[in-house]
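Visitor: Pulled the feature table from TrEMBL, pasting it below:
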{"type": "TRANSMEM", "residues": "21-39", "note": "transmembrane segment"}
{"type": "DOMAIN", "residues": "27-490", "note": "domain 'Major facilitator superfamily (MFS) profile'"}
{"type": "TRANSMEM", "residues": "83-102", "note": "transmembrane segment"}
{"type": "TRANSMEM", "residues": "114-134", "note": "transmembrane segment"}
{"type": "TRANSMEM", "residues": "178-200", "note": "transmembrane segment"}
{"type": "TRANSMEM", "residues": "212-232", "note": "transmembrane segment"}
{"type": "TRANSMEM", "residues": "323-344", "note": "transmembrane segment"}
{"type": "TRANSMEM", "residues": "351-372", "note": "transmembrane segment"}
{"type": "TRANSMEM", "residues": "400-425", "note": "transmembrane segment"}
{"type": "TRANSMEM", "residues": "437-456", "note": "transmembrane segment"}
{"type": "TRANSMEM", "residues": "462-486", "note": "transmembrane segment"}
């Protein structure tokens with residue numbers, strides 16, 4: 001049986017036709033209405049906390065003193081300030097639970113539509129619990145906080161499901177725009193909430209009416225999602241090609257969907273149908289998971305949510321116009337998100353993240369500097385306690401300038417980190433782990449959101465300008481992260497993104513080149529020592545940054561060293577080139593008995609080099625190659641070498657990419673090899689118990 005490599009299969013996906021896109025656009029637009037949950041709630045929360053109706057229910061009604069409820073943040077009753085933090089914090093707890101623990105389970109088992117429906121139901125229940133109970137009681141406050149958790153759970157589920165659904169139904173050339181619809185609904189909801197807050201700010205039920213209007217959205221979604229088709233990728237995986245074909249034909253409005261179905265089929269065959277947690281912990285997926293988590297963590301640490309959640313309080317102090325300031329900020333967010341939808345697939349995700357991030361850094365820095373130079377912060381006595389009030393006097397021009405540069409920050413966020421964080425993470429994972437991986441990455445967003453809820457408590461020690469300086473530094477780190485770790489995915493079929501990440505070489509980034517040279521220099525010095533050393537038996541170099549150049553230096557040492565028996569090189573950066581250097585050295589080395597190369601970047605070519613070594617080396621007894629990228633072709637080379645090798649006792653190939661049919665390669669070696677006692681193949685893509693020939697070979701092997 002001749003196998004095609006992954007790259008050969010990828011090259012067949014260039015002629016995919018997508019039919020008429022209008023229905024996919026409508027579906028993505030409708031499914032993205034879940035973004036209203038998040039955007040509207042965030043906008044409402046930022047405004048209602050400065051409304052008299054909210055203060056009367058939860059500050060005056062509890063503490064019985066209207067004057068203390070109008071003081072600056074630092075002077076508010078500590079219990080009430082803590083309640084404001086919990087009002088946001090517990091909402092983010094719910095978002096975290098929904099995104100991480102509920103969404104992937106329902107999406108994987110019952111489908112992408114099911115999790116969108118679930119998010120709408122949870123949000124409706126939670127919002128009802130928040131707006132209908134009367135205020136003025138601590139028990140009611142607790143009940144409302146429970147409602148905030150349920151409300152947040154619905155938002156967490158929608159933040160996971162909406163971009164995932166859109167990315168799986170979208171044509172490649174429109175995937176960025178359609179996946180970005182969610183961000184458009186988020187910012188539309190945010191703007192609408194601030195308009196409603198402005199209109200209802202003096203109404204006696206203002207905060208309840210502002211919150212209650214959003215109940216229209218989950219009702220519409222619960223009805224409409226039942227009329228939408230399931231994503232063809234989920235159907236192909238769960239119900240087969242025919243079900244996926246019917247759905248794809250309905251979405252594309254054409255019967256010619258064969259090429260796209262073939263691409264989906266190839267991806268499922270390459271990735272395997274089984275979904276298990278251990279697949280998330282292969283080196284390849286772990287690295288991509290780190291990218292997804294990093295994107296979401298840095299989206300939060302830009303400070304966007306605290307600005308909208310607590311911006312009303314901040315700008316009430318700076319300008320005396322908290323709700324109007326939020327209306328301006330949310331208007332800018334909406335205004336710049338609309339053109340952003342057309343930039344994702346033109347300028348690319350990576351470029352926008354870098355450019356937008358740099359613009360956000362400038363916005364934060366200037367806003368912080370304006371505050372530091374144009375506003376006075378003094379200590380004053382309030383309620384017999386020395387406290388630091390955020391603002392006592394602030395020039396109007398300084399307040400306006402600070403707002404202008406915060407608008408600039410929001411504008412750059414709207415064209416970059418706002419939508420792209422959701423788009424990018426929804427498209428970078430293989431189908432078999434996509435739901436779990438997206439859930440974990442999205443969950444990290446809300447986890448950091450929980451931490452960011454406490455920003456209000458940092459205003460005292462750092463000051464408003466200090467908080468903005470902190471945000472600018474974290475945003476600069478976000479730009480560096482994208483530059484180093486995030487390849488471009490624009491215009492790439494979902495099933496071909498695997499190859500994009502495989503080809504994205506972190507080692508070619510200039511800062512990493514410097515680090516690599518330092519590590520290679522260290523490996524060279526170590527090599528010189530080993531060539532002269534006559535006593536060392538075991539060398540452990542795990543969890544370093546040894547790359548192919550470093551492996552070359554170590555290979556030179558192995559050719560000359562006469563004592564080393566054990567070498568640990570697990571979890572470094574060695575690829576097929578480095579494996580080739582080590583293989584040549586091992587063919588001449590007469591002492592090494594144990595070599596551990598787990599957790600590197602060894603592919604089938606590396607496996608071929610090592611197989612050639614097994615034919616010639618006379619000392620190696622233990623070889624660990626687990627957690628690499630060895631596929632069926634590599635397994636074939638290693639199996640052939642095992643037929644003739646007479647020294648190897650243990651071979652570990654766990655958690656690679658060896659497929660079901662190719663396990664047959666090991667049948668003859670197991671029948672003929674007379675030394676191998678341990679062969680570890682767990683965590684690959686086959687079921688040993690179902691392979692009768694392999695079972696027979698295991699029976700014959702003594």
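Backbone N, Cα and C atoms are what each Cβ position is placed from, and that goes for glycine too.
Where the annotation comes from TrEMBL, it is an automatic prediction and has not been curated.
Keep in mind that what you see is a predicted model, and the values were worked out from it rather than measured.
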Visitor: Please report, as numbers and ranges, the same-chain residues at least 6 past the borders of the transmembrane segment (212-232) whose CB is under 8 Å from any CB of it.
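Guide: Sequence-remote neighbours of the transmembrane segment (212-232) are 27, 30-31, 33-34, 36-37, 40-41, 44, 111-113, 116-117, 119-121, 123-124, 127-128, 131, 154, 165, 168-169, 189, 193, 196, 244-245, 247-248, 250-251, 260-261, 264.
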Visitor: When each of 21-39, 83-102, 178-200, 351-372, 437-456 is checked against the transmembrane segment (323-344) for Cβ pairs under 8 Å, which one has the most?
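Guide: The stretch with the most close Cβ contacts to the transmembrane segment (323-344) is 178-200.
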Visitor: Among the recorded stretches 21-39, 83-102, 114-134, 437-456, 462-486, which has the greatest number of Cβ pairs closer than 8 Å to the transmembrane segment (351-372)?
Guide: 462-486
Visitor: Count, for each of 83-102, 114-134, 437-456, the Cβ pairs lying under 8 Å from the transmembrane segment (21-39), and report the range with the highest count.
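Guide: Answer is 114-134, with the largest number of Cβ pairs below 8 Å.
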Visitor: Where among 114-134, 178-200, 437-456 do we find the most Cβ pairs under 8 Å to the transmembrane segment (83-102)?
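Guide: Looking only at 114-134, 178-200, 437-456, the most contacts with the transmembrane segment (83-102) come from 437-456.
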Visitor: Sort out the residues at least 6 away from either end of the transmembrane segment (114-134), same chain, that have Cβ-Cβ distances under 8 Å to it, and list them.
Guide: 31, 34, 37, 57, 94, 98, 102-103, 106-107, 140, 143-144, 146-158, 160-162, 165, 208, 211-212, 214-215, 217-219, 221-222, 225-226
Visitor: Under 8 Å between C-beta atoms and at least six residues away from its ends: which parts of the chain pack against the transmembrane segment (437-456)?
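Guide: The answer is 73, 81, 84-85, 88-89, 92-93, 95-96, 98-101, 103-104, 107, 152, 156, 159-160, 163-164, 280, 285, 288-289, 292-293, 295-297, 299-301, 303, 305-306, 309-310, 313, 421, 425-426, 429, 467.
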